[in-house]
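Colleague: Pulled the feature table from Swiss-Prot, pasting it below:
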type    : residues                                               : note
BINDING : GLN143, GLY161, GLU162, GLY163, LYS164, THR165, ASP661 : ATP binding site
BINDING : CYS1004, CYS1006, CYS1015, HIS1016                     : Zn(2+) binding site
REGION  : 974-1020                                               : region 'Disordered'
Amino acid sequence: MLKIFEKIFGSKHEKDIQKIQPVINRINEIQEGLKGLGDDELKEKGKALKSRIRGVLMPIEDKKKELYRQLDNPELSLEEAESIHSSLDALAEEYEEKTASALEEALPETFALVKETCRRLKGLTYQVMGRDVVWDMVPYDVQLIGGIVLHSGKISEMATGEGKTLVSTLPTFLNALTGRGVHLVTVNDYLAQRDKEWMNPVFDFHNISVGVILNTMRPEERRQQYQCDVTYGTNNEFGFDYLRDNMAGTVEEMVQRDFYFAIVDEVDSVLIDEARTPLIISGPVPNSDNSQFQEIKPWIEQIVRAQQQLAASYLTEAEKALKESPQSPEAGLALLRVKRGQPKNTRFIKILSQQGMAKLIQVTENEYLRDNSSRMHEVDDELYFAVDEKAGTIDLTDKGREFLSKLSHQDRDLFLLPDVGTEVAAIDDDESVIAADKITRKDAVYRLFAERSERLHNISQLLKAYSLFLKDDEYVVQNGQVMIVDEFTGRILPGRRYSDGLHQAIEAKENVKIEGETQTMATVTIQNFFRLYEKLAGMTGTAETEASEFFEIYKLDVVAIPTNRPIVRKDMDDLVYKTRREKYNAIALKVEELQKKGQPVLVGTTSVEVSETLSRMLRARRIAHNVLNAKQNEREAEIVEGAGRPGAVTIATNMAGRGTDIKLGEGVREKGGLYILGSERHESRRIDRQLRGRAGRQGDPGESVFFVSLEDELMRLFGSDRVISVMDRLGHEEGDVIEHSMITKSIERAQKKVEEQNFAIRKRLLEYDDVLNQQREVIYTRRRDGLIKERLTTDILDLLRDYCDSVIDRHSKNLDTEGIEEQLLRELSIEFKPDRNNLEENATGVSEELYNSALAFYRRKEEAVPADIMRQIEKYAVLSVIDKQWRDHLREIDTLREGINLRAYGQKDPLLEYKQEAYNLFIQMLSEIELETLSLAFKLFPVNPDEVRAIEERQRQAAVRQEKLVTQHDDAASVYNASPGAENEAPLQRPVTADSKPGRNDPCPCGSGKKYKNCHGQQP
């Protein structure tokens, strides 16, 4: 029905393009008029455009500067400050409106100027990444359309080879005229550097400064690059600089400007694929101990071997039962136990690909899952540990606990968590025990919980490392380090680590150095970072399949840009085999056939392991080829550029050359163009479209096909039942290949199922992070104010006023004058003796008296301490307290999130529970920030130069405390899975150390998410 309407009325994309066409005509008309100008005259046109736009914006900027200057006045009243803030808000709206209208008016002239500049640069030879390049690019009309779409704050979907990099120069040039800075976001440092050098002649012609942010740069270099009109860089670098700026100790240490306009290249990769991975800056945990991994590792290796032997016996049992009856329930149960015990067993995977086996296992599993999985324990009880591969969880069974108990010669109870609530309640109810002994006994319960919780957590992570994470698939080992491989691109992710001790577990498994545990110091999700920009746009060749997510999360519309020339690539149906062995042999034969023909072939793989397997097979056949994967990525650009030569064979993981064109060599067009051979379907249709898109650029011929087996990961986990039934109906025999549109559609349905699941994870992640994001905005705004303001005395005295009211209000009901004296002496180091009668009759007056007394003390301190030192004391008090409290708050939020899904068992919505408790923690943190800031400002009293230098040194160290950059990978997202059923493990705590009582501000070990002092640490 929808297609009928589109035929009659036109599609959305066609209507979008029709609206833009008159502007394109106007741009080309203006460009014709520019051809007669000399170079200097053309440059003057650019200067005039910039002056015109700046002339509109500068008066508003001057007004804002004046208002900010007024805010620094220490005598300013609260009402006057609020009035100024209202004026600033109004000016911000006016500024945004005038910027938009000025740029809209200048767009045709600016785009024409860029197009004419490109025309004049034709034939220019210059250096890009150390190689000579000749400029031969002038924007086509479709590229002008793409540029307008980007300027409008939308996503421009352009096919491979349509010149997205050149398109970006059009809106970048236009928005750079504002002087506010434009960010071009790419997926890696190489592309950032290359694109900056490649497009620089256009900007350089008009004296528009261009910078690039690279991973190796120092803060001083970064600041210079951000001051440029245009700055290229990766999403990670922009995001980490944002977090680092909000940890800076001085204004001079901050590197970024405001977030005005960002254009994201490969927007689907950055805003979709990376969105499950928060950006995290972390520092080492004091006194962290990784020795337990080495202690536990021998036990885990033995229990894993025992499980493997158990799985082998069940497979033998199943094979015997299947000979007697193809639908044997005994065989179904045995195979289900293998699926729950060792799902990646190669023998099991082969059986799974046989006719009717996947269905038999599913029917058996459904039987045991009835009535809320009430019988699933009958399956799992015979195993040492149960694996849920889809959910990524592992649960130690009673049999496993018994095994570990005998192995370690320790009590079986050591592998069980004590019921803290029940045991503490029993202690409280025991009237024969005095209060002091109750505290001692409770501490013993908490210590026991912490010890066992940490041990069980480490056991669980080691079991995951051995059962679910494969070397050369999820990670590689290089130079004695475990390096995560990006599941979407196949690239190594330097500096990234799995969270919650999983990375340390894999390091123990691989016998490399176990790095220390880290704690979060600052964090932001990709979604919430890019929401900081006033205007956001993106470009990619594959966005349409995720259009709804782009709009729902980022409010970004997707506009498909027509190609300059029609795409003539042939996309063939999938070729489906039963086993991987059959599939790999077929791939090797096809590659050999294509090489003999002289047609270049790009073989796309989903993992390092598969790329190396195929490489070995081709070497055995003496077929010359290049391999591009996470282990061998240094020659990426060179290999990809040569992949279009006659007879070239290139094996590449998904990383293959996004952002690098594969140009066809001489005579290749006549032989059919580049042949894309996918060795496996990826879980995302978009990644498959990207692979196909390597061929057929700019109207070139090309072919693409995917070779699939029923043993592939996607088919095994999500799609094999339906595909096997289709193959059975089509009469498939061992060794046969099936090519049918029904099969291809079934595979795409499986991919859609995974995409929906991943979208749900990303959306859930965002729902949780939105809570923290609102808190982050409050804290970062407070911190930035503390950093930028010259004087913080007014803020300190505002805190003092509230503090005095709070102290008097707290003690006036009981006329507790001693309590007032004690609190003031402890918290502010000041003496004040209130009159008991006044406290009863006029508490407000006593509060005013206290304020005046404290103010007089503070004024005397100001007179005694040099003004510049006093300003440093105030700044240090504000910044150091915010940093410490925010760091502690992030740890508490982590602890809260780890166990929040368990609330679903109590018929409560985990998200609502999380919002409420996170809010309570935040309010409590703000209260503690205010008290500690005030206390530090009053108590810190340097009396000699050494103490002054100590304050300066502490400020400097606070800003530099960024020992390790860590972005937590997939494991970070698992916390947000909505289903409590996916959480088969005991709640993963970040326990207190086993040899000490929890600190008052540490998370309570009971898992409530509250501070110890407000939970089980309360005095009885």
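Keep in mind that glycine also has a Cβ here, set from the backbone N, Cα and C atoms.
What you see is a predicted model, and the numbers here were worked out from it, not measured in a lab.
Describe the structural context of these features.
Modeller: Long-range Cβ contacts of GLY161 (ATP binding site) within its own chain (separation 6+, distance under 8 Å): ASP661, GLY696, ARG697, GLN698, ASP700.
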Colleague: Taking DSSP as the reference, which of helix, strand or coil describes GLY161 (ATP binding site)?
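Modeller: In three-state terms, GLY161 (ATP binding site) counts as coil.
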Colleague: Let me spell it out: for each of the binding-site residues (GLU162, ASP661), count the other Cβ atoms within 10 Å of that residue's Cβ, using every protein chain shown. Which one has the most?
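Modeller: Per the Cβ count within 10 Å, the most buried is GLU162.
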Colleague: Measuring CB to CB from GLN143 (ATP binding site), give everything in the same chain under 8 Å that is also at least six residues away in sequence.
Modeller: GLU162, GLY163, LEU166, VAL167, LEU170, ASN564
Colleague: Compile a sequence-ordered list of residues in the same chain as LYS164 (ATP binding site), six or more apart from it, whose Cβ lies below 8 A from its Cβ; state 'none' when nothing qualifies.
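Modeller: Residues satisfying the criterion: GLY146, SER156, MET158, ASP265, MET539, THR540, GLY541.
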Colleague: Across all chains shown, how many C-beta atoms besides its own are within 10 angstroms of the C-beta of THR165 (ATP binding site)?
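Modeller: The answer is 18.
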Colleague: Around the ATP site (GLN143, GLY161, GLU162, GLY163, LYS164, THR165, ASP661), what further same-chain residues have their C-beta within 8 angstroms of the site's C-beta centre?
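Modeller: Sorted by sequence, the hits are MET158, THR160, LEU166, VAL167.
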